[in-house]
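A.B. asks: For reference, the structure I am asking about is given below.
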């Protein structure tokens with residue numbers, strides 16, 4: 001009998017991870033929920049540091065309102081994006097399932113769209129430059145993105161394609177008959193994305209904000225955000241397991257994953273915003289950061 005070539009690779013079960021942190025009766029706190037909460041609070045903390053710099057497009061008094069609308073945009077946009085982009089047929093037949101957020105199912109592309117609309121509404125409500133506000137929010141987004149990907153790994157979901165790289169992991173999978181089994185060694189693509197979308201993207205945007213004049217060119221930072229997020233997502237998708245619901249569809253026949261198709265307009269939009277940002281450059285008076293509205 002031939003030995004199992006994947007037997008010596010790390011198994012997800014050996015890590016002792018549990019998607020649920022603790023449970024009291026019917027209430028369960030999950031790592032994925034905590035990732036969203038922590039991402040919002042860390043983003044809020046960082047936003048306050050950004051708007052404390054002279055020339056911010058909003059004042060401290062706007063921050064609470066902005067975080068509320070931004071969080072609402074992320075959650076609603078992320079959920080509706082998943083419903084429309086990934087499983088429209090299922091949710092059309094089972095509309096009640098749409099509100100079951102605790103069962104999982106969020107789209108980061110949908111979250112970006114939802115946040116954009118939320119910021120547009122917020123900026124118009126307060127008479128602010130929406131692109132500059134979006135620039136500041138974009139700098140805070142990597143917290144949630146990175147933590148969300150770590151939570152995906154803890155959940156044992158959204159794994160990569162089969163691989164024998166030394167750090168490959170064997171995740172729990174479910175067969176067509178509904179039986180659970182330990183699958184082949186795979187890329188831990190969730191962690192690749194956590195590093196790229198969380199750490200690397202945060203470093204890029206942080207350098208642009210603190211070391212260049214990008215924050216005075218409306219759209220440059222958010223352009224960099226959607227460009228690099230789209231690029232990182234597009235590249236990682238090549239070593240990520242395709243979504244099962246697209247097997248035998250035109251998406252699979254195209255040779256690209258749904259995540260890649262959704263990333264293409266982000267990459268192009270990011271290039272456009274960065275290329276045209278200098279034309280929108282604003283003159284900012286050096287006034288106290290806590291009251292800056294430029």
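Using the three backbone atoms N, Cα and C, a Cβ is placed for every residue, glycine included.
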A.B. asks: Given 259-275, 276-292, which one carries TrEMBL's transmembrane segment label?
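C.D. replies: Of 259-275, 276-292, TrEMBL gives transmembrane segment for 259-275.
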A.B. asks: I'm validating the feature mapping. Which of 164-182, 221-239 is tagged transmembrane segment in TrEMBL?
C.D. replies: 221-239
A.B. asks: Can you say which of 66-86, 106-123, 135-154, 191-209, 221-239 has the most Cβ pairs under 8 Å with the transmembrane segment (20-45)?
C.D. replies: 135-154
A.B. asks: Among 66-86, 106-123, 221-239, 259-275, which stretch has the highest count of C-beta pairs below 8 Å with the transmembrane segment (135-154)?
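C.D. replies: The stretch with the most contacts is 221-239.
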A.B. asks: Pairs of Cβ atoms less than 8 Å apart decide it: which stretch in 66-86, 106-123, 191-209, 221-239 has the most with the transmembrane segment (259-275)?
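C.D. replies: Per the Cβ count, the answer is 221-239.
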